[in-house]
Amino acid sequence: MSKIVVAGGTPLYGDVRISGAKNAVLPILCATLLADAPVEISNVPYLHDVITMINLLRELGAGVTMNEGIEAKGRSITIDPRWVRQRVVPYDLVKTMRASVLLLGPLLACYGAAEVALPGGCAIGSRPVDQHIRGLQSLGAEITVENGYIKASVSQGRLKGGRFVFDVVSVTGTENLLMAAAVAQGTSVIENAAMEPEVVDLAECLITLGARVEGAGTPRIVVEGVERLNSGQYAVLPDRIETGTFLVATAMTGGRISMQQVRPQTLDAVLGKLTEAGACIEIGADSIRLDMQGRRPCSVNLTTAPYPGFPTDMQAQFMALNCVAEGVGVIKETIFENRFMHVDELLRLGAKIQIEGHTAIVQGVERLSGAPVMATDLRASASLILAGLVAEGETIIDRIYHLDRGYENIERKLGVLGASIRRMT
């Protein structure tokens, strides 16, 4: 099993290219099933979850063409949904990826039936699919859950437009319902919708392909269904979580970084906390520069919340920052339970963290010490790498397969910035 070895103590300097967003590309790939002709998606990141989704689309019968080589900069993928014949998404392919449930809406809406195995993914608490099921039922779907599968069908041809109010904000639930409504008959209204940039990106992709969507990025989305979407091209937005991770890494190490072709407006909460920590930040229309040379960060308090609040996917990285910051920082996790599993590993490096329910109280220390640690989920993996960048000696991070689900060539990118980091098999 692969491991990553990090030798700490080197500030990060330079420019880094941010990949396409993992949490945007997965629903967008699913949305190509709604078209009646090939769709080209560009700025596709090379990630384990992306490859899994591609394999799922192939399993369903879709034609998939990798353009310019999957590992080339600016890569794109063309999906031809006209060959789809299969309606069952098997467990052996979905067991490692929760986003597989996003195939439910498009398959049901276009083909009248779908069976999707209950998904797997990061072990960071309960993320039930009941909101997906109830949302699709509001459009006329008949759904049962049995033998580990969500089985859905439409008894009267097409789904029918309807109104649905989410009990709790659900990003993937909003995306599933949005895709299904795009080709349902009539008008659908989605209330208490997720407002994340990735939801907006999906909506913009659907609109590019001929969907009629208004209100994406607000709590109320209105969709006027069309019979089928068209061929088209769409570029995935840059990954705001990868952007934030590199910014935090640079702030922790006392370095300087520049990023081009990013979306600063999607990172207001993160940039605000980095400024609070003492970083000097310059923001352009599509660029971010951060300078933390010669300074130790100050501890920050934060509470995770749905967008536009502080993203839960950046919580672990800021906990790593607080571990070496000056002062005491309080972190409250309100989105997922069990999302403090990285704490025990940070403690092995010498961090001082006290857990009280869903709150972590972090007393900053001057330095951490390298040690063997184990990744427990995707963002925890990133936090351990960040901690390793500032620890004395070597930090060896095991179970990094989590990392490859959401970060494209992170060790290569950090190496270009000056980090001493390598992958070991």
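Using N, Cα and C of the backbone, Cβ positions are placed for all residues, glycine too.
Per Swiss-Prot, these features apply:
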ACT_SITE  CYS122  active site, proton donor
BINDING   LYS22, ASN23  phosphoenolpyruvate binding site
BINDING   ARG98, ARG127, PRO128, VAL129, ASP130, GLN131, ASP313, ILE335  UDP-N-acetyl-alpha-D-glucosamine binding site
MOD_RES   CYS122  2-(S-cysteinyl)pyruvic acid O-phosphothioketal
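Look at LYS22 (phosphoenolpyruvate binding site): DSSP puts it in a helix. Listed binding-site residues: ASP130, ASP313. The one with the lowest count of other Cβ atoms within 10 Å of its Cβ is ASP130. Residues near ILE335 (UDP-N-acetyl-alpha-D-glucosamine binding site) in space but far in sequence (CB under 8 A, at least 6 apart, same chain), listed by position: THR304, ALA305, PRO306, THR312. For the binding-site residues ASN23, GLN131, the greatest number of Cβ atoms within 10 Å around a candidate Cβ is found at ASN23. According to DSSP, ASP130 (UDP-N-acetyl-alpha-D-glucosamine binding site) is assigned to a helical segment. When Cβ atoms from all protein chains are considered, those within 10 Å of LYS22 (phosphoenolpyruvate binding site) total 24, not counting its own. With all protein chains in the displayed structure included, the most crowded Cβ environment within 10 Å among the binding-site residues ARG98, PRO128, VAL129 is that of VAL129.
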